[in-house]
Amino acid sequence: MSRPLTDQEKRKQISVRGLAGVENVTELKKNFNRHLHFTLVKDRNVATPRDYYFALAYTVRDHLVGRWIRTQQHYYEKDPKRIYYLSLEFYIGRTLQNTMVNLALENACDEATYQLGLDMEELEEIEEDAGLGNGGLGRLAACFLDSMATLGLAAYGYGIRYEFGIFNQKISGGWQMEEADDWLRYGNPWEKARPEFTLPVHFYGRVEHTSQGAKWVDTQVVLAMPYDTPVPGYRNNVVNTMRLWSAKAPNDFNLKDFNVGGYIQAVLDRNLAENISRVLYPNDNFFEGKELRLKQEYFVVAATLQDIIRRFKSSKFGCLDPVRTNFDAFPDKVAIQLNDTHPSLAIPELMRILVDQERLEWEKAWEVTVKTCAYTNHTVLPEALERWPVHLIETLLPRHLQIIYEINQRFLNRVAAAFPGDVDRLRRMSLVEEGAVKRINMAHLCIAGSHAVNGVARIHSEILKKTIFKDFYELEPHKFQNKTNGITPRRWLVMCNPGLAEIIAERIGEEYIADLDQLRKLLSYVDDESFIRDVAKVKQENKLKFSAYLEKEYKVHINPNSLFDIQVKRIHEYKRQLLNCLHVITLYNRIKKEPNKFFVPRTVMIGGKAAPGYHMAKMIIKLITAIGDVVNHDPVVGDRLRVIFLENYRVSLAEKVIPAADLSEQISTAGTEASGTGNMKFMLNGALTIGTMDGANVEMAEEAGEENFFIFGMRVEDVERLDQKGYNAQEYYDRIPELRHVIDQLSSGFFSPKQPDLFKDIVNMLMHHDRFKVFADYEEYIKCQERVSALYKNPREWTRMVIRNIATSGKFSSDRTIAQYAREIWGVEPTRQRMPAPDEKI
């Protein structure tokens, strides 16, 4: 017999997480048992916690498969326009809890595991993150898949099944160390290998010109084997597919030409082909022109396009003969969205298939390609833009280079016709960049070959039209759009912050989960004492829970009553973790100067990974840990200030830290962060934002009201003016005593007594070549932080401001973003209609 439930536990069954019916719980226990014994071949005497996790995962997966098969059958019969989201990154995180939430199984599973003497939360912690992304771009793709399924779109995510995802970060002596992320070591219960759909991908070789046109011959072949992962919509019985390709060597690999005794070597060399899907490149907002990376980009594109065309051609009447030989209808049945330029080779590859294999005239093929493809830009940083050396493409993809040259020739003819005599414009707009090394500008290729080009926040889309893509905007203004990013409220509220989701549902019902604009109804509760109390209580519980987690995992003590000041994102100069550091040191100096004065206690937490080859980013991590070593051990400071570096920041850690945050740091130099999505997660979870007018911060402040936002610093126009005038760090150093003191401490080795010049590179950069103008925003940032502390002293007013932020965060649902892509780019209509469940008649 299980113990009787307390009233509070009984009430928890009235929940956004769905009811636990008795039959359901019994059934789940039965299936759990079956999987433990028959799938995992274990009994309770030898089963490990991981076995129990797998048994639960397979049990939950059973509830997906009927819906998955039914959804795919439905698409086959109805033949809707299909959306293909191509991305080199999908930063999924964990799948178990998200699946339970979307299928309304969470309560029943909780009860079933409890009755079996297991703790579901402990089992959830065993799952490895699927870390197939670096940061925002990959996580956006994952949120988009969730929204596309929730909105009933016939959508597919296509990418690479990296054997090793983003590295695990270990901090040793204050320095970042990288460890391989062997996430598949124990197997992945959520994927289904589909070897029967394996496809060939060609590399190298040469082009033969025949009477029938160009032929790409003498190529090396690598096989692409697909692994499918189900993507469930929110309680609508839709389950879409994410298909990730894995590289396999063909069976005759290197055996055609092996010499006597070369058989063993030929088999060992299969690894070379299979290296294509071995590891994710760990660069965020930085282009590294490596051949293996170019192979990855073509690999995903070539396999995916074959799959798309196979699906387009196959009829819905079950006959194997291709029925559609005419490609006129292709853009009516297929939309391809390019997530940044990484899959840009889809454009020449589709042209190659249409012209060389399907024998379409160039003009017709080009019309089909442009109508099918659309391109999302994610950055304006010049070092992040992909510019592939011509000699690399020529070696690896000789036919594609010819096609790119032809595209360029015809494109420049159009430009010349539109702007006669403007030779410099031709040079600027060419897909081919002349120079010491000839390069292909992949963004230019994407704009020329797409019918829509979008930025990811209003300010970013404007910057594209006014600066890096100005010439293209003048030629084809109709192509340019904005689609402000969003986040899925299923993972980023219901799943990671059930306490908050619950008290919201008690006031306005549960419909907001799939219609986030309904959060506006909370504006009428901004003076409701019981709601104010509930919001503050949930936040305090989340802070206590996160404090306990830090203590358990990292043996760090923090004061849960302090202001939790959090900056978690990739470590990059443009994101200005250094500005945060300068504030922390300034606070420290103020406490030391007036030790008896009252200071609002703060725990500053900074987390994020640095690209392994990015020296400055690694120095920034070392600086944060060095500041922590001084501040956290100074008895004068006590628990008024703590500095914590959050090791190995990833999706599953974000889900823990974001609900506990009081203050969200979004402090990039205006004009550098395309959108940001972490900012939205904090807003939805009841943190206030301190930030510059950059990316989506601008629209968040507009929605919430600037008076409910801590805005500081230069605007884009100010940055431009300062660039024209010339940014001189020295003048800020000379003028601002507190800043000067901080920099002198860094220079003198105050934070690195054993190596006094440890931070000389950082000081030198800040003083002499700081592209991101940290000093220019220092004064306003410090003043703004004083306003933050002052408000935090008044908990009621703080919480009222939090409620206003939560209530106005509805715009930042990825459901809104995807509905706009659907209507304005893909030409399909989203729907919240349910599919019939597997046990219902259609």
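The backbone N, Cα and C atoms fix where each Cβ goes, and this holds for glycine too.
Annotated features, as they stand in Swiss-Prot:
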MOD_RES   Ser2  N-acetylserine
MOD_RES   Ser15  phosphoserine
BINDING   Asp43, Tyr76, Arg310, Arg311, Phe312, Lys313, Ser314, Ser315, Lys316, Phe317, Gly318, Cys319  AMP binding site
SITE      Cys109  site 'Involved in the association of subunits'
SITE      Cys143  site 'Involved in the association of subunits'
SITE      Tyr156  site 'May be involved in allosteric control'
MOD_RES   Tyr204  phosphotyrosine
MOD_RES   Tyr227  phosphotyrosine
MOD_RES   Ser430  phosphoserine
MOD_RES   Tyr473  phosphotyrosine
MOD_RES   Lys681  N6-(pyridoxal phosphate)lysine
MOD_RES   Ser747  phosphoserine
MOD_RES   Ser748  phosphoserine
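Locations of recorded Swiss-Prot features on the structure.
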| residue | record | DSSP class |
| --- | --- | --- |
| Asp43 | AMP binding site | coil |
| Cys143 | site 'Involved in the association of subunits' | helix |
| Tyr156 | site 'May be involved in allosteric control' | strand |
| Tyr204 | phosphotyrosine | coil |
| Arg310 | AMP binding site | helix |
| Ser430 | phosphoserine | coil |
| Tyr473 | phosphotyrosine | helix |
| Lys681 | N6-(pyridoxal phosphate)lysine | helix |
| Ser747 | phosphoserine | helix |
Candidate with sparsest Cβ neighbourhood (10 Å radius) among Tyr204, Phe312, Tyr473, the listed recorded positions: Tyr204
Three-state secondary structure, Cys109 (site 'Involved in the association of subunits') (per DSSP): helix
When distances run from the Cα of Tyr473 (phosphotyrosine) to each of the recorded positions Asp43, Tyr156, Lys681, the nearest one: Tyr156
In the chain carrying Ser430 (phosphoserine), residues 6 or more apart in sequence that have Cβ under 8 angstroms from it: Asn408, Leu412, Asn441, His444
Fewest other Cβ within 10 angstroms of its own Cβ, chosen from the recorded sites Cys109, Cys143: Cys143
Which listed residue (Tyr156, Tyr227) has most other Cβ within 10 Å, given these are recorded positions: Tyr156
Number of other Cβ atoms within 10 Å of the Cβ of Arg310 (AMP binding site) across all protein chains: 12
Alpha-carbon distance [Tyr204 (phosphotyrosine); Asp43 (AMP binding site)] in Å: 52
Using Cα positions only, nearest of the recorded positions to Arg310 (AMP binding site) (Cys143, Tyr227, Lys681, Ser747, Ser748): Tyr227
For Tyr227 (phosphotyrosine): DSSP state (helix, strand, coil): strand
Cβ neighbour count within 10 Å of Asp43 (AMP binding site): 11
Nearest of the recorded positions (Cys143, Tyr204, Lys681, Ser747, Ser748) to Tyr227 (phosphotyrosine) - Cα to Cα: Cys143
Euclidean distance between Cα atoms of the residue listed as 'N6-(pyridoxal phosphate)lysine' and Ser748 (phosphoserine), Å: 39
When distances run from the Cα of Lys681 (N6-(pyridoxal phosphate)lysine) to each of the recorded positions Tyr156, Phe312, Ser314, Ser747, the nearest one: Tyr156
Residue among recorded positions Tyr204, Phe312, Ser314 with Cα closest to the Cα of Tyr156 (site 'May be involved in allosteric control'): Phe312
